[in-house]
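Listed in Swiss-Prot:
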- 1-8: topological domain 'Lumenal' (TOPO_DOM)
- 9-29: transmembrane segment (TRANSMEM)
- 30-75: topological domain 'Cytoplasmic' (TOPO_DOM)
- 76-96: transmembrane segment (TRANSMEM)
- 97-124: topological domain 'Lumenal' (TOPO_DOM)
- 125-145: transmembrane segment (TRANSMEM)
- 146-175: topological domain 'Cytoplasmic' (TOPO_DOM)
- 176-196: transmembrane segment (TRANSMEM)
- 197-207: topological domain 'Lumenal' (TOPO_DOM)
- 208-228: transmembrane segment (TRANSMEM)
- 229-340: topological domain 'Cytoplasmic' (TOPO_DOM)
- HIS329, HIS333, GLU410: Zn(2+) binding site (BINDING)
- GLU330: active site (ACT_SITE)
- 341-361: transmembrane segment (TRANSMEM)
- 362-382: topological domain 'Lumenal' (TOPO_DOM)
- 383-403: transmembrane segment (TRANSMEM)
- 404-472: topological domain 'Cytoplasmic' (TOPO_DOM)
- ASP414: active site, proton donor (ACT_SITE)
Amino acid sequence: MDVGGALDLYGCSVNVYNAILIFIWVLFLWETYINLRQLKVAKRVTESPEEIKCLMNDVDFDKSRRYAIDKMNFDIVSGFYNILSLSAVLYFQLIAWAWHKSQEHMLFVCSYAPRSFGTTEGSEILFSLLFTVYVALFQFFESLPWSYYRHFVIEERYGFNKQTIGFFIKDRLKSLAVGLVIGLPIISMLVWIIKAGGHYFYIYAYGFTFVVSFIIMFIYPEFIAPIFDRYEHFPDCELRKKIEELAASIEFPLKKLYVVEGSKRSSHSNAYFYGFGKNKRIVLFDTLIKGFKMPGVEADSSANADESSDETQNRGCGDDEEILATLAHELGHWKLKHMTFNLIIAQINIFFMFFAFGQLINVDQLFVDFGFPPSTAPILIRLIVVFQFIFMPYSSVLEFLMTMLSRKFEFQADAFAVSLKSGEKLKSALLVLTKDNLSFPVYDWLYSMCNHSHPPIIERLAAIDAKMGKEK
């Protein structure tokens, strides 16, 4: 196979294809190495650490250990498949093949359409849209068996999966449809902006993505998330009153409080907030609250009887103060402006990537190695090659740094909850969630450093104790 020539970079001859292929395999081997380190820890440690024995006995610990081993083995095998698949895409120049097929099929369709429909000026956008659909369909079918195994074998084995096969397929199809409905217009506009924007197109492209990102941040929780899960206003009760008092005590502008029926798909629990300015919402998963029933569930309880179990009903925090402590942690992210900081970093990163793309867009040799002769690579392909492959080392380093920053933010949010006198309840809530989610509490330091955006439970408990000691 012809993989193109070499790129002259500051007097050095660099084969782009070989460099990318070497990097993705080095990255895969590194990730496999640290996964094997963690797998070794999970197999070696067979007794619950003293710090969490008060809640997780050896039986529960062994179950969490087996769960961790199963997930780790799955990640290693699926990772090996993914690297083989990506290598095949590069080696056989399948990106170019898919693009040419998109051209052929779109030209065939246009031959039966009005003459103006397939004009040369707009044809690249049409080709880009069909190419995107083909890639989305390929990824949909390629990931389907892996997702099925994760949910219906691993998650099912440990009592987490609550989806039926019908729900699973429908959920995946909805994700595909929503992704295309949102993604295709964005791709159309982005290709048009880059083609028409001249030398400073990267400024206009960044401005467009900036606006789109804020629009999506607004419409996703209000209009898109309810497509996948049922959201209800949190019922009037003592817990609701306490949550509103907590929000008011730190001047959090809470406008609405929701509960989401996460139990329909999984027993895992969560809580989060969203919104702009003085229009914030808090969302609690029904699985976070022990014994919680979604409004109206009694009316169809017989139909859903098989979807719930005593084990599921016994999961979650049974103490209101534990739930409040969990929310105090989440609201700490808002009070300490972590979300704003992350948003600023994201915008700087997007602008930098578009600026760098502006310097590389006309370096034809980058795209020859992907099967496109000089000056023939379309805009969308140039975006994919540069953003996904050329920037891969940069993106990997940035991802690691953001993981480290996230860990720091988690410690700070825990400390904020302690400052609200919720330290002990936060500890007990973390222990409950660790047990309920079968989170294996012992980690290899290198694996944890590279993979955990949230610190391990033992580190968090120690930090909370240290903070409470200083507060006394």
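Here the Cβ of each residue, glycine as well, is placed from N, Cα and C on the backbone.
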- Item | Sparsest-packed among the binding-site residues, when each Cβ's other Cβ atoms within 10 Å are tallied, from HIS329, HIS333 | HIS333
- Looking at the recorded positions HIS329, GLU330, HIS333, whose Cα is closest in space to that of ASP414 (active site, proton donor)? HIS329
- So what pLDDT does the topological domain 'Lumenal' (97-124) average out to? 77
- Message: If you count other C-beta atoms within 10 angstroms, which of the recorded positions GLU330, GLU410, ASP414 is the most crowded?
- Response: ASP414
- Note on the structure: Given the Zn(2+) site HIS329, HIS333, GLU410, its other Cβ neighbours within 8 Å of the Cβ centroid, in chain order, are GLU330, GLY332, HIS338, PHE409, GLN412, ALA413, ASP414, PHE416, ALA417
